[in-house]
Amino acid sequence: MFVYEFMAGIVDTIAGDEEDFDPHLHRKVDKPTSYSDTMIHLLKGSIGAGVLAMPNAFSRMGVFGGIAGIIIVGIFAIASIQLLIATQYTLCKRHRRGYIAYPRSMFMALQDGPAWLRWASSPLYYFVDFVLIMWQLGICCIYCVFVAENVKQVFDYYNQEVSLRIHLCYLLIPLTILGLVKDLKLMTPLSTLANAVTILGFLLVLFYLVEDDVVLDNAKMNLKSLGDVPVFLGIALFALEAVGVVSISFGI
């Protein structure tokens, strides 16, 4: 079985008319989260190291290029997630299911589409699974390095200098414990604390940003090189997109 297929056990498949079917009413969730819990987890999953990396992205594109680029990427990201949600909702109603996972959504959408595209349904099913796995793996690696580097700076300040790899090994213990928790309701207090710390971090960054006079010279306003554009796009998408950590089983 492939990733995300475990969701198949929490839905119903009901016979009847498509227009009368509401996917929200045919989902079996053992331990559902409340709206407030879900919002807390969404904020934690969407806002974090990616936002703190945006200054690096803007330094590559320049102020004007960065503003234009983030608007374009934001519009693209919002339009894409809206299309994904609308497609999943339509497929759930058409096939009378409470939930359809991302790879299965791609498969069923192509099967219901033009005849000349149906051959791609199976390859793209595995492609979506592969992309989701690699994307989540990459994001988790980035977060581990981000946390380890920040912890290392604290230890270095107190003259306890050790290798970054050692700090990464230390992180395995708390990360493994957190990974064993399957109930999101139990994680809500930790996500709340994490959101509070994130907001505090943003305020500190803002304080140090405005503490000294900000000088906008030509080097900060203009694009440095075309080779920085892909890096900017990668950082911007990393900061804005979190669809892989969102389970749409809790509301399409």
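Cβ atoms here come from the backbone N, Cα and C positions, even for glycine.
TrEMBL: automatically predicted annotations, no manual curation.
If you look up TrEMBL, you'll see 33-245 marked as domain 'Amino acid transporter transmembrane'.
What TrEMBL records for 63-87 (among others) is transmembrane segment.
The transmembrane segment annotation in TrEMBL covers 124-148 (among others).
Long-range contacts of the transmembrane segment (164-181) within its own chain (CB-CB distance under 8 A, at least 6 residues past either end) are made by residues 144-145, 147-149, 151-152, 155, 187, 190. The feature transmembrane segment is assigned by TrEMBL to 164-181 (among others).
If one looks beyond the transmembrane segment (193-210) by at least 6 residues along the same chain, the residues whose Cβ comes under 8 Å of a Cβ in the stretch are 40, 43-44, 47-48, 51-52. Per TrEMBL, the feature transmembrane segment maps to 193-210 (among others).
Annotation comment: TrEMBL describes 230-250 (among others) as transmembrane segment.
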